[in-house]
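Here is what Swiss-Prot says about this protein:
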type    : residues           : note
BINDING : 142, 145, 155, 158 : Zn(2+) binding site
BINDING : 331                : ATP binding site
DOMAIN  : 590-690            : domain 'tRNA-binding'
MOTIF   : 11-21              : motif ''HIGH' region'
MOTIF   : 328-332            : motif ''KMSKS' region'
């Protein structure tokens, strides 16, 4: 079997790890642990992404060097990963000599192949700081909807995207100075010549989720690829480009090369040959990333690797975003939970198991429903899995397991055979299928214990041998289940290894029963989740003023009103009404025919055949789903709509369109721009608007 080199996207060294990040790192860790259990050679690598303007500015503000800032953040990141049992074979930094050397090697290859060009780029310049401003360091008034205090790349209110130079009354977020428009020479990499190759490579069988491959084909590879801007002028924290003094590689150039640098450092430490991992057909390279960085990893990155004659990724596994209780993570609601905050209140095993139960090979978003987290862990892990050991191990603590495996009606053999399918699910990144199968095995094992009643046998001395046999079967079924869960719950596997006095680190162990061995005194393997602990975690995540405010619902409504109505006095000038006068009067009977409902957007995607439309899937509560085509493509990104509550006309007659059936209408306001209408906090999908 080929060697496996596995990577996760590199966390940026300007912020702490939160529960959204942990979706990906948990997904990667489970994959690595499964393959290690099968005996396959696997290295899992990561590093901190350390370059860019944000790091430089933070260091200035804190009066420290960039090196100190990134060193502290690296230590914090690695501490959080270790606490969540996420194991990397090596954890590096993009600000390393190994990364610089590899950047220079790949850059030389790009130069040699004539892929590097120059272009005059116009940007905003802060005269006080003496530096060009990245989009997120410029604020001003949105040129589309006139919303104040918006960033230089997109508007939080109307969702429009634009160039920073289009902002009305722009100002530097660093100094408040009015920026100047200046030009600078930027270095570009032309990847258009690689478009035929990329069109074929992205469609490779198993290369990436099919929906991602189709998205790339329809949105990027169907027309000429733009040159990629890979440089930034000084001042900038990063690697200076050797043949372009005063210019630095942009963070998205050197960040993916960080995968290779981490590999090089690991190889040097372990005495391995770097080319065996990055220039060998005997190595499979798998990247695990979020859907927001697909472009870099599936177009620009493979083109770079090909230019320098390195191996290309065998697979790019893409996951969706995380919502909490159906909504975007929110600091004001306490659902923007840092890893360190979570650890104060809950066991990391809970989150690892919950994420595993939701992750599949598809690019679906994951909702962390906190009530479901409590119920799932308590019902499945504690009541079904761990309870197997607590119900049986104490009866054989003195005698140990039977010397010969007893007759069990085929339960052990069936579970051993099921291990092949569970392993295949892990290998396909379909952890949800794997955990469903494991819970089904736990159900069968508990049915056996319920039927055999070891607690009743323990009261009959003459049935001591039968009691030992029953507990031997129960504990062997339990051991199989925990072996299958070991990639998800490594600490539980370690604890069970101590309880049963046996190794729990090889997948094949589930094929052979454990007999004639002692059993240690039972100790609690996992505690139930207390809802109060979840509530305390959320309370800690809220800003102090939010947590202390009386009348939580009123406070939330006031916040929502302020966000929606900022600058209202300046906009209530009657212009909108004059432009689109009121419609003719209708009766209450006419109006009552229109059924307006609250709905939640659960999926959103581009419609390749339509310039203005997004395809939305909305939930009206429960299993009720509608497909709606909405003309909002110019104003909203699909990924920003997931989880949002909107108002829909639910009884509008379906309309057949060439790209599908539209089963309703989403309500929005506006003339030249579009603003989706959302209900106040407290509204739930399915509620009627009266």
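The backbone N, Cα and C atoms fix where each Cβ goes, glycine too.
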- Taking the Cβ of residue 158 (Zn(2+) binding site) as the centre, how many other Cβ atoms fall within a 10 Å radius? 21
- Note on the structure: Whole-number Å distance separating the Cα atoms of residue 158 (Zn(2+) binding site) and residue 331 (ATP binding site) is 21
- Message: Just to be sure I understand the packing, how many Cβ atoms besides its own are within 10 Å of the Cβ of residue 331 (ATP binding site)?
- Response: 12
- Quick one: give me the count of other CB atoms within 10 A of the CB of residue 142 (Zn(2+) binding site). 23
- Task: Would you mind reading off the Cα separation of residue 155 (Zn(2+) binding site) from the residue listed as 'ATP binding site', to the nearest angstrom?
- Result: 19
- Counting across all protein chains, other CB atoms within 10 angstroms of the CB of residue 145 (Zn(2+) binding site) number 19
- Whole-number Å value for how far the residue listed as 'ATP binding site' lies from residue 142 (Zn(2+) binding site) (Cα to Cα): 24
- Item | Distance, residue 331 (ATP binding site) to residue 145 (Zn(2+) binding site) (CA atoms, angstrom) | 26
- Note on the structure: Under a three-state DSSP reduction, the secondary structure at residue 158 (Zn(2+) binding site) is coil
- Item | Averaged pLDDT score, the domain 'tRNA-binding' (590-690) | 84
